[in-house]
Amino acid sequence: MLGKHTKLFFGVSLVALIVSVILAAWGFPKIVSKQIQKNIQIDNSSVMFEKWRKIPMPLTFNVYVFNVTNVEDVNNGAKPRLQQIGPYAYKEYRERTVLGYGDNDTVSYTLKKTFIFDQEASGSLSEDDEVTVIHFSYMAAILTVNDMMPSITGVVNGALEQFFTNLTDPFLRVKVKDLFFDGVYVNCAGNHSALGLVCGKLKADAPQTMRPAGDGNGFYFSMFSHMNRTESGPYEMVRGRENIKELGHIISYKGKSFMKNWGNDMYCGQLNGSDASIFPPIDENNVPGKLYTFEPEVCRSLYASLVGKSSMFNMSAYYYEISSDALASKSANPGNKCYCKKNWSANHDGCLIMGILNLMPCQDAPAIASLPHFYLASEELLEYFDGGISPDKEKHNTYIYLEPVTGVVLKGLRRLQFNIELRNIPMVPQLAKVPTGLFPLLWIEEGAELPDSIIQELRQSHTLLGYVEAVRWALLAIAIVATAISAIAVARSGLLPVWPRNANSVSFILSPHPNSDVNKVH
């Protein structure tokens, strides 16, 4: 009777061991993975959905302005001396409106951003502060004309003197709130013959930074008004219900799956990556070396490179940052050749030097983007200034910390600087003596750090995963011990052969029949 029970115990233990091995190697990981996928996919029933639709905390949107301190000297050919003023801090609220779902596991949506000035974070700075900056809209207009039809530059400049108020030089004295959101008024009601041409082109092109004035006679120029309280998109994004590895991937923007701003080149025109707010979980066995995001402001995808594994809020994270190869010149990265567009100067091939991005094909204005203070850009850009430009990795790089299990962004900052060329044009009085060079207007810092409430949710999830992992291996250990005990019990009961205790005897493996003639000594 005892033997029967022993054999039953052994059989049950063996089955439990097999089941435990299967669960440990495949079952538990699959169950956990499925549950995570269920929670983070973009679905009405998921934990992530409402947080994705309406981000539960404001992002930070900081603006730093380059104030010109030696205007008269620059007007007479001296190097510019700049003073960075900022941050002018804003709270940025984001809300998505779902437009519909596609059959290919996608969701279409628009994104609305709302900016509210944060006086506490801005300290002593005020939106009523007056600064002197490069006249961005004037330089954009005069450069466009000078590149397309140099012979009429002087005539058009006469019209621009009526279009812009007090146009004595290429610098704008302006309140911060007008430069950012409220707008600087420009007048189309003058009597210059070329003014109608200028205003007609503005009405036809409708650049984002120019919005029609209510009086019907002009426009308001501002850098960010088009971003505030307006719907951008629509975007079409993968929901991750069918393939979690594709979660967040943008497959179309404004109905286009390919950005033709850069011609027909597949490398430059493809939409690659997410909108930087959501990423798929990271496979620890195949950690991506690059993290792509689609940036509508520059009409292209950019990537951050993996630096390594780190820690944030006592949780493991992968740290990515913009590296020099992402902003490399054509000579350093031949693949970037398709971003070359002639616009920086009349004699330039449009293949910009290291560290700067051409925005002309994207914004229909000769603007140039870079990292703040020309970080990671060619040092020759720094030689143009007499002071005020000092690139610093800690202050000026773009980076992101990604939690691998859920793909949640623990902390991230996107930094971008807007520049335009200040060009010496002898036929234009305002530009006849100025030195030619790339001139920064301002830079932005946009990002977020998770609030304590969401950090606690993540920590609780990690704790629960730890318990599941412990149970996984505990069950396997118990099954192994039970199987070993039952095997020993069966062996001792004589139901299974065991290793002989006599040191002079031979193993039963080699001698299954100890009494046979094979083992006799002759």
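Cβ atoms are placed via backbone N, Cα and C, with glycine included.
Residues or ranges marked as topological domain 'Cytoplasmic' in Swiss-Prot (evidence: sequence analysis): 1-7, 491-522. Residues or ranges marked as transmembrane segment by Swiss-Prot on the basis of sequence analysis: 8-28, 470-490. Taken from Swiss-Prot, the feature topological domain 'Extracellular' covers 29-469, and the record attributes it to sequence analysis. Sequence annotations record features per position, and here Swiss-Prot assigns N-linked glycosylation site to ASN44, ASN67, ASN104, ASN166, ASN191, ASN228, ASN272, ASN314, ASN343. Annotation source Swiss-Prot lists disulfide bond at CYS268-CYS338, CYS299-CYS362, CYS340-CYS351, citing similarity to another entry.
CYS268 (disulfide bond) is 9 Å away from CYS299 (disulfide bond) when you measure Cα to Cα. Mean pLDDT, taken over the topological domain 'Extracellular' (29-469), works out to 89 on the 0 to 100 scale.
For the pair ASN314 (N-linked glycosylation site) and CYS351 (disulfide bond), the C-alpha distance works out to 44 angstrom. Looking only at Cα atoms, ASN67 (N-linked glycosylation site) sits nearest to ASN228 among the recorded positions ASN191, ASN228, CYS340, CYS362. Closest by Cα distance to CYS268 (disulfide bond), from the recorded positions ASN104, ASN228, CYS340, CYS351, is CYS340.
ASN67 (N-linked glycosylation site): 17 other CB atoms within 10 A of its CB, across all protein chains. Taken residue by residue with DSSP, ASN314 (N-linked glycosylation site) is part of neither helix nor strand, so it is coil. Cα-Cα distance from ASN272 (N-linked glycosylation site) to ASN228 (N-linked glycosylation site): 25 Å (rounded to the nearest whole number). Annotated pair ASN104 (N-linked glycosylation site) and ASN44 (N-linked glycosylation site), C-alpha to C-alpha distance, rounded: 17 Å.
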